[in-house]
Amino acid sequence: PPAMSRRVVRQSKFRHVFGQPVKADQMYEDIRVSKVTCDSSFCAVNPKFVAIIVESGGGGAFIVLPLAKTGRVDKNHPLVTGHTAPVLDIDWCPHNDNVIASASEDTTVMVWQIPDYVPVRNITEPVVTLEGHSKRVSIISWHPTARNVLLSAGCDNLVILWNVGTGEMLLALDDMHTDLIYNVGWNRNGSLLVTTCKDKKVRVIDPRKQQVIAEKTKPHDGTRPIRAIFVADGKIFTTGFSKMSERQLGLWDLNNFEEPIALQEMDTSNGVLLPFYDADSSIVYLCGKGDSSIRYFEITDEAPYVHYLNTYSSKEPQRGMGFMPKRGLDVSKCEIARFFKLHERKCEPIVMTVPRKSDLFQDDLYPDTPGPEPALEADEWLSGKDAEPILISLRDGYVPVKNRELKVVKKNILDSKPPPGPRRSHSTCDSDFSQPALEEVLEEIRALKEMVQAQEKRISDLENKLCQFTNGTD
């Protein structure tokens, strides 16, 4: 009878996605992962590097390792140490694999240039420091398509957009959040933001108009933190808690924010679920801090809209999680996601794979994906232009580009005349110290800096060569 031929099982090429940890020698061991209580992911990865927030006496630090440098991390491996209090969030620039931003309890955001070679000493000098928050800064996120645009959100309930290329504040979104901001996410072309807040509201914000264009109070009834991200077609995916403290996920349509498209209960654990979304496969991965599993769901246009696929389970709880951009994956192995799971003392990559028999490039798994070129300049975006990400094909794999320097062009403070008035007597600056003489000193300092950097690189290269000769013997 024809009724028998009805499909019982939903057709999807992602039904059999499975997760697998890498072999022991492919992990990063002996890393003192930060113990700060903060719902950030503590780890950021790109096709060149893995960065992890680590414990540090007094200040705040994170470690940056070349992706291939697996195994035991030398206890003297240089750190990035410019902050004076713990680092709370880090994010790699999507348009430059050697540039990373960090947010800290010291109220500043710093942007760093990471060299391709491993430096000899700690990196202590950021390319630019962004100061505008009055309390700790717990969230940072780069604009997906505009060059050098960085968002930061702090415990002063303020969201600031910066132009990293000039060190200037572009926009400050104040008077929008009445309480602590839990998370902030961009949509695909960076025209809108979604935020969640302790006042139990999810807001969709047009940052350039400085307007809340949609909001939903209590998408989840519970009191614990909510998270929200944009998924395809401008829909919003949320995680939160029910009144009975069960963890929930929700899918919402901006044009009808009243009723959820889907709302599902999951379990009664109390860790906040961090959602990671892959637009190319429409899969959302949920990683709870303190959980030992990653659950993943496919989002489609047919009911129930959020389809449970599977759970990757392990024995050890995760302290944080990094999520590799699509261009950093191994397409020859049908890898569709790679997570970097933080333990107390190590980082363990977990590979998500679609089982396929063929060794050929699977173009249905890998549509063209955002590449490293920005689609807009910061001022174009600020003036109201929008642009979709510039896509690249992964057919031949992605090869990271060489280190490109982030140039910060600040307004020259020497151009502004000093205020008139009597010169203070305790000034140590001699009055007949002329401008040309100052320029000369600065030029000399610049030359010395370049020389030191060149020597550092040379020492590093020699050390690497030496390592090859000694082959691991001390």
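The chain as shown is numbered from 1 upward.
Just so you know, glycine gets a Cβ as well, placed from its N, Cα and C.
TrEMBL: automatically predicted annotations, no manual curation.
The domain 'DUF1899' annotation in TrEMBL covers 7-71. Note on the domain 'DUF1899' (7-71): its mean pLDDT in the predicted model is 92.
Residues or ranges marked as repeat 'WD' in TrEMBL: 80-114 (among others). A Cβ distance under 8 Å defines the sequence-distant neighbours of the repeat 'WD' (80-114), meaning residues of its chain 6+ beyond its ends; these are 34, 36, 38, 40-49, 51, 53, 56, 58-64, 122-131, 133-142, 144, 147, 150, 152, 154, 162, 164, 325, 370, 372-374, 400-401, 403-406.
Positions annotated as repeat 'WD' by TrEMBL: 130-172 (among others).
For 174-215 (among others), the entry in TrEMBL reads repeat 'WD'.
The annotation region 'Disordered' is assigned in TrEMBL to 413-433.
Summarising the annotation, TrEMBL assigns coiled coil to 438-465.
With helix defined as DSSP H, G or I and strand as E or B, the repeat 'WD' (174-215) counts 0 helix, 22 strand, 20 coil.
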